[in-house]
Amino acid sequence: MLFVPKNSVFFCGLVMMTFEHSNKYKVLAAAVAIILHGVAGVGLATMQMLHIEPPKITPPLEIQMIKLNNEELPEPPKPESIPEPKPMPIPAQSVAAPAPPKASPPPPPKAPKPEPRLEPQKELPKPKPPKPELKQEPVKFKPKEPPKVTEPQVDIIAQERAQKAFELQQQREREQREREQQERERQAERDRQAELARQQAERDRQAELARQKAEADAKARAEQGRGRGGDGKDTKTDNKTGNKDTTKSGGAGGGELKGQNLSISNASWKSKPNWNGLTSEKLSGSANFVATLTIDANGRIISVSGVNTGDKDLDRQISQALRRARLHPFKSSSGQPMSGTATFSTTVQF
């Protein structure tokens, strides 16, 4: 029967328990690592991809770079505390009580055996905590705010000045159009007056031809009357009727010729019309007109009619100026004074 010391048995049991606990630690660490890797893989597989909407604003975007090294890493999960195994109790060996030794001389004392040194138990390496996977956060693009368009402050004074300038320009253009319209009307009136003057000149020419013919006829009759008047004188007592006719013929030959169509072109002014001082509120510059003059045997202008310039006040001034004028008396080729009407046309400045 071998005798095993108690210390040796305890040491052997402790060594066996140490190897057994070391294997359990390894298995437990491997299981924890596998579980963490599985959880991370499942998380990555089921993670939804973030949909980044395209920026709606076309201006360049301001990108802010994020350094991952500066971010604080999440604290690693603390490993679960593993309860230390309790040492199993070593059953005490039942040793039979020795019989009381017989009285014998005491044995010489033996030297004590050196107790076996217990090697210090090596500390088991602590399982390294799994490195936490860094989750890369998607870069969020911050859309650049569009620049605020500041509405320019309306300068009220400048706006009022511009409005007044615009109104003044419109008024000037309106006045210019009115002046052009008036000028066109005056030109049309001048053309009309010129046409009337031409027609009147033609009538005057025809009247002059008729007058000359009438004067020739009158001269011929006068000469015939004078001849008859001479015969009547010789036979005054015998032919009363012949004397009477001769007297009438002689009176007709030396009297005034009335109702004649006179021509201003064949007459001379004794006192010309004075156009100075003519004014008009409606017209400006000049005006054309045609007037019909009634002239007596002494060359005085008795009446004026037919003046029409478009301004009644100006017509009145022209008529007064013509009535104040005077012509030399009109006479026939035989020297008889004539009276009648004449057409007068001209252009006045004011």
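Cβ from N, Cα, C; glycine included.
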Completion exercise
Which range of 36-56, 330-350 is region 'Disordered' in TrEMBL? It is 330-350
Handout entry: the region 'Disordered' (330-350), counted residue by residue under DSSP: helix, strand, coil
Key = 0 helix, 15 strand, 6 coil
